[in-house]
Amino acid sequence: MDALLTQLPIAAAVGAVLLLAALGLNFTFGQMGVINMAHGEFLMVGAYTAFALQAWAGLGGSAVLVALPVAFAVTALMGLALERGLIRHFYGRPLDTLLLTFGVSLLLQQLARDVFGAPNVDVAAPSWLAGGTGVLGVWLHHSRLFIILLAAVAVVAIALYIGRSRSGRYMRAVLHDRDLAAVSGIPVGRVDAATFAVGSGLAGVAGVALALIGPIGPSIGSSYIVDAFLVVVVGGLGQLRGAVIAAFALGALNAYSELWTGASLAKVVVFAVIIAFLQARPQGLFSVKTRALA
Amino acid sequence: MRRRTFLAAALAGTGAALTGGCAPSGPGVTRDTVRVGMLHSLSGTMAISEVTVRDAVLLAVERVNAAGGVLGRRIEPVVEDGASDEVTFADKARKLLMSDRVAAVFGGWTSASRKAMLPVFEAEDGLLFYPVQYEGMESSPNIVYTGATTNQQIVPALDHLRGQGHTRIHLVGSDYVFPRTANRVISAYAEAHGIEITGTDYTPLGHTEYTTVTAKIARARPDAVFNTLNGDSNVAFFKQLRSSGITADDMPVLSVSVAEEEVGGIGPEILDGHLVAWNYFQTTDTPENRDFVAAFQDEYGPRRVTSDPMQSAYNAVHLWAAAAEAAGGFDTGAVREAAAGLTIDAPEGPVTFDAESQHLAKTARIGRIGGDGAITEVANSGGPITPDPYLAGYDWAAPIRP
């Protein structure tokens, strides 16, 4: 019982990391159907942004906070360039897009190796994020609380963007019926670009959070990309609440099976459960009925 | 030869090897030169560690050459990249032996890479100098193991923990052959000596999420942690252990794969007071080590550190050169025969080649990491320990012997 309680904040933190990594993908893959293999490298760029601000701009611990908006801007611009420059020419050709973005991901990894060096680098957390607090016998790591908070803020911001803003409405319209949206005067091309940029920017924010957990290396993205895709698939394509539930469910499954089996076996358990789940519900937790997808 | 020209020559060798595949052709030994292979991961996840070993081997080659070479011949290194991939290691080993016809190969780090190269060296009757401490249970006549085997590192480390009165130990390791074999040895030792293992946790290589592991450790309240994690995972593990409020005063972590190079990457303030087990530290007080550290920093810069695997690789070149001199030739069998009982004064102190096990007798040392990143010795075995890769001399090890 004691162990179950201690594991709760850990499960929430693992879920929050998964959610942050998957939120951007929920836009680019979930909404637009683009299998962007370079999404993991946008995470990496976000993490290196925090490093660069700390090591090169000399911002110290506060670099992590400054890095959040900066990383969003940097990766959003990169996403915009990728979508406008390459991906839009390959809409409707998922296999080509997959290979293309895989190539981009290798390119970005090599670039990181050349700019930042092959050995991994480290971002020092601000002093108020190092350490932790014991509450009723449960240990709370401050950095994990920060990540949970960041995920919550990101989810609220996305919900407001999709539900309340003009470009959010456009985005939903294009998702529901692309042709009808186009004849209604919605600039679908620009909506695609904006959606892709926002999704990429979110990856940058998630990357900053990853910098708080462990070392940053050129291949950090590839260790999260599969998990991020899993969250989106399990949650249902383009479904925000699906992604939230899926991320925390997978986080809990991971944390609790690691408690009983160990980290290596926990991954196996998670994959086995996902395979079983997708057999029963191939469309994920939630699905949207649209003509576009029909 | 000065550093620039030497490195340029070495790199040119690599370039030629990469482009041609058969480029340095002809016999491996001429009247003026003798070719040796250097096979380390210069790319991929292991590059961070193995590049430092290559640097140490290049330094040793340069110094032997400066002193007149081996049997009057200049050593010519052929550098290959194992690319952190064991299949590549086997392929490149075959290429070095069959196409370049090198007299010896210095290389390898992970046990996976060694196990992949082993059949190649046995089939071609080549000679591989393997520089890293490992899990034991092996003694190929075609491999010279210049790092520690189990009874020269892990067993002395356990003796030390027991001597400190630690009776409850938690095991944390990466999920592959070395930690799993090492933990079998540790468990057998614990069983025989009344030590309780409070838990064993394996994580995949490159794992960074250690909050569950640290929570398990905090709950189990062991006296000490025995850490066989490899690579970057150590950074995440120690950081998260510290943010769980556990310090070296509460429960020391004894690591067997954290050396000077890794200490800098993890951050010395986080490691302050934790323990490591090796045969050599940069601070080891011998005239040979002062000379080695000075020469290394002169070559590669004053901020570079030296570590146990680097030192073992450096020794390997000197051991091979001395054995070839004694043999009067470079033939594998003759060199092996001449090496038997050969002692060299290494930076870690005297080491002696034990022909029966193909390992070196060496002194075990336990070190404490300071807040400044330097490792200082707190205990040693008092003299070289005879290598015993199969733990034949230890009754408690009977259940795990092959």
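The backbone N, Cα and C atoms fix where each Cβ goes, glycine too.
Any TrEMBL annotation is an automated prediction that lacks curation.
Cross-referencing A:40-57, A:94-111 with TrEMBL places the feature transmembrane segment at A:94-111.
A:228-253 is the stretch from A:94-111, A:145-163, A:193-216, A:228-253 with the greatest number of Cβ pairs below 8 Å to the transmembrane segment (A:259-278). Within its own chain, the transmembrane segment (A:193-216) has Cβ neighbours under 8 Å at 17, 20-21, 23-28, 31-32, 34, 36, 39, 42-51, 64, 67-68, 71-80, 82-84, 87-88, 120-123, 125, 129, 143, 146-147, 150-151, 154, 158, 161, 167, 170-171, 174, 224, counting only residues six or more beyond its boundaries.
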